[in-house]
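Copied over from TrEMBL:
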type	residues	note
COILED	101-135	coiled coil
TRANSMEM	423-447	transmembrane segment
TRANSMEM	468-485	transmembrane segment
TRANSMEM	548-569	transmembrane segment
TRANSMEM	581-601	transmembrane segment
TRANSMEM	637-655	transmembrane segment
TRANSMEM	756-777	transmembrane segment
Amino acid sequence: MGEVRRGCCPPMDLFRSEAMQLVQLIIPIESAHLTVSYLGDLGLLQFKDLNSEKSPFQRTYAAQIKKCGEMSRKLRFFKDQMEKAGVSPSSKPVTRTDIDMDGLDLKLGELEAELVEMNANNDKLQRTYNELIEYKLVLLKTGEFFSSALSSATAQQREIESHQVGEGSLETPLLADQEISTDSSKQVKLGFLSGLVPKEKSLAFERIIFRATRGNVYIRQAAIQEPVIDPVSGEKIEKNVFVVFYSGERAKTKIFKICEAFGANRYPFTEDLGKQNQMIDEVSGRVSELKTTIDAGILHRSNLLQTIGDQFVQWNSMVRKEKSIYHTLNMLSLDVTKKCLVAEGWSPVFASKQIQEALQRAAFDSNSQVGAIFQVLHTKESPPTYFRTNKFTTAFQEIVDAYGVAKYQEANPGVYTIVTFPFLFAVMFGDWGHGICLLLATLIFIIRERKLSGQKLGDITEMTFGGRYVILLMALFSIYTGLIYNEFFSVPFPLFGRSAYACRDLSCRDATTDGLIKVGSTYPFGVDPVWHGTRSELPFLNSLKMKMSILLGVAQMNLGIILSYFNAVYFRNGLNIWFQFIPQIIFLNSLFGYLSLLIIVKWCTGSQADLYHVMIYMFLSPTDELGENQLFAGQKIAQQVLLLLALVSVPWMLLPKPLLLKKQHQDRHQGQSYTPLQTTEESLQVEVNHGSNGHEEFEFSEVFVHQLIHTIEFVLGAVSNTASYLRLWALSLAHSELSSVFYEKVLLLAWGFNNVVILIVGIIIFIFATIGVLLVMETLSAFLHALRLHWVEFQNKFYEGDGYKFYPFSFALLSDEDD
């Protein structure tokens, strides 16, 4: 493991995963932090956790991680405050300041304390300001109550006095004397209480007070025109000003409690008119002073947040990097002297020199007297899978990885998926008009990719943007297959020359191709446009697309079996070559390879042979004469030989491999019984190896059942997978027919009315139907079917997909992760 295999051909980066090695680093403690930091910048080493038995709190750098977590909390607090204030972090690159993490921690603490204090003062001032605004409203509205009540009382008094003067009698002085002589201690004194209550609660508030005091109150309310900010909740609420007149302390206590229950704010008020005006002036003066103070505080807070925003991205990056460094250091183990840290991890072989340079640079920059030690370990553990991809190949590799990550250095189907996936999609989506629409849509993403890659997109948009190059190839291949099908929104165009056929008479369009006569050379590229619109269009295109689907399917399945051969050669597994690859290639091509050959021969010779009949009676009556279904001389003998080979290949796949595996195991186990005595370490290593390949772990029944399942799956899959490729024909037919329906039944029908309004409506319906059904739903449908053909029909011939991805420690990957 770890050796670069050399051959006659240049290496393919995507055909097999990168050669990996398990490395061990012995790092002095004084340079450990800087070493891990440089390795994070490099991003080519996946550390193994050597302290997996310890909890997070028992690890060496738990305190530092806790400190970084606290700094992250402060930064999240700053981010929330900036979002509320509408301040966005500066995206401009900031020159790196020479500030260490301790200094940053102190600075963040000071800024947090200052910001918290400013928020508290602002909240306190804002609450006082809102209370004064409410108090001013209460003074104005309640003053109106009292002035209106005083004016009406004065008017009533004058009216009563005028009546008394006009209607004098003998009893009048006596009554006056009685009023004067009344005891002042028995007069009822009324108190009053004023404030604001939420408008939605005002009726219930009035009703509860009336019932609690048994009607011994007088309440007046007046609505405020605009909503006011509640001092307690800070929300804008519509409120009413109220005045409650009561008698007695018990009534006063009840009203106080009801006000508290309803969230009514009470404010003092005086009956003296002069004092009222004085209080209004005082409150107005305080409101203006508070407004000035609050505005100054908000400006100061905005300046502080802007200062934080200018450095926020840099600080956040520093904290995230520091936290990831200490997480990684916690995966390292201390040696017995507690002066060095031991690290183990996977790295690509090509990265050895870069890693060693990073170690040397870290030792030099940290002034360490001892450099780090780099050594390669030999292990039987399966390495992670790492493919070097770029922005073009990443999406195709992710299509494969969604099924399963490739086993270490097995043949990668992603190389072929780059071509076969968009091509099979285009076979189902063949229309060069729709292909141009897809191309224009994806070109928008590609042209603006630098701008869009830095933005936060929605889920669907982000997924589409990530697969922009897949869609680009899908569009280009759709234009190609659309030209072959000769369909532009279902309309044929003679782009490559004149049609080879002409009508024998005027009724040939409604008849069959018997009404057409060949008048020129064969149409040079794709389907002759004269086929479209004839009664024989569907039978002709169905036959063409169905046979084409079988040819493509058999070709791709053969490619999968051939790749299993290259896997067997690479891993030096002779059993898989002789008892898996050879019988599989024979079985598939004896049946469906032969069918593909018959299709090509029939196309070339123009024979009228019935291929269904040929294939069915190849099994039912292999000795019968073929008659008119014979396509070439010696066909009967060839079919009998191919049938015999197909029948022989089934036990060839089933029986030898389990028996030979059992024999190999017995020979290996017998060889281990007569080895000379070893040292303790060697004997332990033999025991470990023996445990992994030991006699007790080899169960012949399990191996045989597994091989039986594999054989049955391949034999049945050869039939079902070939039939599954007929979906290429079915979806191509559905796409073509839907496009034809929208064109003929919407666009042409609207055109036939000779009405501009109907034509515009028809064009709008046609555009929306084309976009919604053909460019969205049909695209998704063809994409999913192409995905299934690759995952099931192609990859199950050779792809195990039981590996695990290479996740290196890299600062570049931190930007997409949350704390």
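Including glycine, each Cβ sits where the backbone N, Cα and C put it.
Just so you know, TrEMBL annotations never went through curation; they're auto-generated.
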Beyond the flanks of the transmembrane segment (468-485) by at least 6 residues, Cβ under 8 Å: 391-392, 395-396, 399, 418, 421-423, 425-427, 429-436, 438-439, 441-443, 445-446, 449, 495, 525-527, 541, 732, 736, 779, 783
Proximity verdict for the transmembrane segment (756-777) and the transmembrane segment (581-601), three or more C-beta pairs under 8 Å: no
Intrachain residues whose Cβ lies under 8 Å of the transmembrane segment (637-655), provided they are six or more past its termini: 579-580, 582-584, 586-587, 590-591, 594, 614, 618-619, 622-623, 707-708, 710-711, 714-715
Positions whose Cβ lies under 8 angstroms from the transmembrane segment (581-601), at least six residues beyond its ends: 547, 550-551, 553-555, 557-558, 561-562, 564-565, 568, 607, 609, 611, 614-615, 631-632, 638-639, 642-643, 645-646, 648-650, 652-653, 714-715, 718, 722, 797
Within-chain partners of the transmembrane segment (423-447) [C-beta distance under 8 Å, separation at least 6 from its ends]: 464-465, 468-469, 471-472, 474-485, 487-491, 548-549, 552, 727-728, 731-732, 735-736, 739, 770-771, 774-775, 778-779, 781-783, 785-786, 789-790
